[in-house]
Amino acid sequence: MTKVHVFDHPLIQHKLTYIRDINTGTKEFRELVDEVATLMAYEITRDLPLKEVEVETPVCKATSKILAGKKLGIVPILRAGIGMVDGILNLIPAAKVGHIGLYRDPETLLPIEYYVKLPSDVSERDFILVDPMLATGGSAIEAVNSLKKRGAKNIKFMCLIAAPEGVKALTEAHPDVDVYIAALDEKLDEKGYIVPGLGDAGDRLFGTK
Ligand code: PRP
Ligand code: URA
């Protein structure tokens, strides 16, 4: 059964407001997405396993904890997911990064896959699949299909803004994938854009509009 987590941390909500703002330019938009990705990564890594080690402090020997070394993979859905990768790597720099290229056909809104490159040991890694937007859910569902087809067993999906339609579709298609979002918006418009949303995430990140 899927869990849907909405990160309502004040810093995330504050930054998200400026991300939404039409007056926020490309440079600031990119920086804010990066910062929110780091804050979300802090929350999403809460359950990482630890192991005990001996450490010698200036005072005495002690037993303390470090990460147990679980293999992690970050997979952005191209293009817009790229904007969240560095922010996550700030906290988990040893994670490997795969890429899944998908775009939505503007007429049908169905995802078209054009690129997949993943770490070779897919079945041994836990994956965080990232994309700023979960709209109809088609892209996220297809990206999870793609990861699972190649052997991934443990996948979390992280996005900035989700529409209820996308959350429903993704959780029905992949009940084993937990979903982490910064905001759950109202609905989709007739063109499949999230309302109120932030517009086209890829265009705003890369200045292509
Ligand atoms: C956007 C966004 C998601 C997708 C979400 O990408 O980054 O990948 O739309 O929509 P969905 O939930 O309805 O599938 P887009 O297809 O615009 O491609 P881009 O990132 O290359 O701009
Ligand atoms: N993709 C985007 O970039 N924005 C939306 O609102 C929906 C899909």
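Here the Cβ of each residue, glycine as well, is placed from N, Cα and C on the backbone.
Features as listed in TrEMBL:
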DOMAIN    6-208  domain 'Phosphoribosyltransferase'
BINDING   R79, R104, D131, P132, M133, L134, A135, T136, G137, G138, S139, D200  5-phospho-alpha-D-ribose 1-diphosphate binding site
BINDING   I194, G199, D200, A201  uracil binding site
Site with most surrounding Cβ atoms, counting all protein chains shown within 10 Å, from the binding-site residues D131, D200: D131
M133 (5-phospho-alpha-D-ribose 1-diphosphate binding site) CB neighbourhood, other CB atoms within 10 A: 26
Of I194, G199, D200, A201, i.e. the binding-site residues, those within 10 Å of R79 (5-phospho-alpha-D-ribose 1-diphosphate binding site) when Cα atoms are compared: A201
Listed binding-site residues adjacent to ligand 1, that is, members of R79, S139, I194 whose C-beta is under 6 A away: R79, S139
Non-site residues, in chain order, whose CB comes within 8 A of the mean position of the CB atoms of I194, G199, D200, A201 at uracil: P132, M133, Y193, G197, L198, G202, D203, R204
Spatial neighbours of I194 (uracil binding site), counting only the binding-site residues D131, M133, A135, S139 and Cα distances within 10 Å: M133, A135
Integer mean pLDDT for the domain 'Phosphoribosyltransferase' (6-208): 97
Entries of R79, A135, G137, I194, A201 (binding-site residues) sitting next to ligand 2, with Cβ under 6 Å as the cut-off: A135, I194, A201
In sequence order, the binding-site residues (D131, M133, A135, G137, S139) whose C-alpha falls within 10 A of D200 (uracil binding site): M133
Same-chain residues at least 6 apart in sequence whose Cβ lies under 8 Å from G199 (uracil binding site): I22, Y193
